[in-house]
Ligand SMILES: NC(=O)C1=CN([C@@H]2O[C@H](COP(=O)(O)OP(=O)(O)OC[C@H]3O[C@@H](n4cnc5c(N)ncnc54)[C@H](OP(=O)(O)O)[C@@H]3O)[C@@H](O)[C@H]2O)C=CC1
Ligand SMILES: CC(=O)[C@@H](O)[C@H](O)COP(=O)(O)O
Ligand SMILES: [Mn+2]
């Protein structure tokens, strides 16, 4: 099978503007003057990772000094040439691959060749390899902030490692929060840092922006927007015939294979509802989803007096990534703004819960708590792989999640061992269900 993460990487978003370089804000100048923020980029070769490096490159070109310095990079083993190129460009002290010793040797060779060609022959980063490599990179002692752009719940150990090392965590890897839940929140609280956990997911970045400076009591509901994905408007019967290629044709975002497939099934929105609950402590019954096909309004907060605040910008992840890296500061020119001189239409419609039951399913799993959310995610990851392998039809992804969740017996303890054991069980059980 070809694993989803091994499929061709979607292109990153083009440069937003050819206008003159914007001026840095006083806050960003101060950040640079205090010494650049030292960052670790996990999943650096993916959609989030490459856009994060675009943000760093652009921000460091602003007048007033470089606000960021990359101290470590980590990726899988799928794109070693790109990882080597990134290492030489950033001069990261640590470069990690989840691959084997042979992969590490190939990475070192490629870095050596590229460094020599770039006139930086003395650049010799520490190279880490193996399943724990990203976790070690996340705990890098010189780091201030870790961006987790790994895909899947394999990102949980690095998420915990970053927080336990006392680093601020800019979190794109929503699966680690879903699987780890209270464990991740505890690690964030124990770090003693205000704003230890900064959301990078576009909806949660929007919510964090709308919630800044307010109080919990004034919030009535959170409203997450969903593009509707490529299958918006299809019935469940019609979804039986859709292909992996069609599932990867996202209408508004260029992203990795797993999150794109999850957008098509609404599993992404389901994960995001629970992510919002965990990040902002709003009960699940007060979190709604509305379909907004243009993906310009990234989410909304409805307040008790009937007011609603929405965050709007053209779909471009560089904005929430830049805010995550520079938090609480904004990076001028991170992405293009809305063009209000042109006629524009934003539309909103309800989610079809019969064709797309994932959101209801995760709300039930979230209410049951414990390891149920980890089981939801792990079963989904297995089912997505099976769909891309041609082993199942599209609706069987969420059907499999529902079956496995329905059988799950929570042991009543939530520690890392319990989460990992529940995940192992869910993956095994999902494989059995998928094979039927
Ligand atoms: N892309 C987007 O716009 C958005 C993404 N997100 C979330 O961000 C996360 C990343 O998504 P996306 O960038 O699209 O995914 P991609 O598939 O594009 O990238 C995944 C990255 O993770 C790396 N990776 C895989 N396994 C490991 C491992 N064991 N150790 C270290 N690195 C590993 C991959 O390396 P390799 O190249 O070697 O395979 C790659 O760099 C997901 O959780 C997603 O839901 C959230 C909002 C928007
Ligand atoms: C860009 C981002 O944050 C993705 O998670 C996005 O939300 C996916 O789009 P959907 O709204 O289709 O799930
Ligand atoms: Mn999102």
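Along the chain as shown, residues are numbered 1 onward.
Any Cβ shown, glycine's included, is placed from N, Cα and C.
On a predicted model such as this, the values are computed, not experimentally measured, just so you know.
Feature annotation from TrEMBL assigns NADPH binding site to 45, 46, 47, 48, 76, 77, 173, 175, 256. Taking all protein chains in view, 23 other C-beta atoms sit within 10 angstroms of the C-beta of residue 76 (NADPH binding site).
In sequence order, 226, 259, 262 constitute the residues six or more apart from residue 268 (1-deoxy-D-xylulose 5-phosphate binding site) in its chain with CB-CB distances below 8 Å. Secondary structure at residue 268 (1-deoxy-D-xylulose 5-phosphate binding site), as computed by DSSP, is helix. As annotated by TrEMBL, 1-deoxy-D-xylulose 5-phosphate binding site applies to 174, 202, 203, 227, 250, 263, 268, 269, 272.
In the three-state DSSP assignment, the secondary structure recorded for residue 203 (1-deoxy-D-xylulose 5-phosphate binding site) is helix. What TrEMBL lists as Mn(2+) binding site is 201, 203, 272.
Among the features that TrEMBL reports, compositional bias 'Pro residues' is placed at 11-25.
For the domain '1-deoxy-D-xylulose 5-phosphate reductoisomerase N-terminal' (39-181), the model's pLDDT averages out at 97. Here TrEMBL flags 39-181 as domain '1-deoxy-D-xylulose 5-phosphate reductoisomerase N-terminal'.
As annotated by TrEMBL, domain '1-deoxy-D-xylulose 5-phosphate reductoisomerase C-terminal' applies to 197-280.
The annotation domain 'DXP reductoisomerase C-terminal' is assigned in TrEMBL to 313-428.
The region 'Disordered' annotation in TrEMBL covers 1-27.
Counting only the Cα atoms, the space from residue 174 (1-deoxy-D-xylulose 5-phosphate binding site) to residue 256 (NADPH binding site) is about 13 angstrom.
When Cα-Cα distances from residue 272 (1-deoxy-D-xylulose 5-phosphate binding site) are compared across the binding-site residues 45, 173, 201, 256, the shortest belongs to 201.
A straight line from the CA of residue 203 (1-deoxy-D-xylulose 5-phosphate binding site) to the CA of residue 173 (NADPH binding site) spans 13 Å. 201, 203 are the binding-site residues among 76, 174, 201, 203 whose C-beta comes within less than 6 Å of an atom of ligand 3, given in sequence order. Of all the binding-site residues listed here (174, 250), it is 250 whose C-beta has the fewest other C-beta atoms within 10 angstroms.
Between the alpha carbons (Cα) of residue 256 (NADPH binding site) and residue 201 (Mn(2+) binding site) lies a span of roughly 13 Å. Less than 8 angstroms from the CB of residue 201 (Mn(2+) binding site) sit 171, 172, 174, 272, 275, 320, each of them six or more residues away in the same chain.
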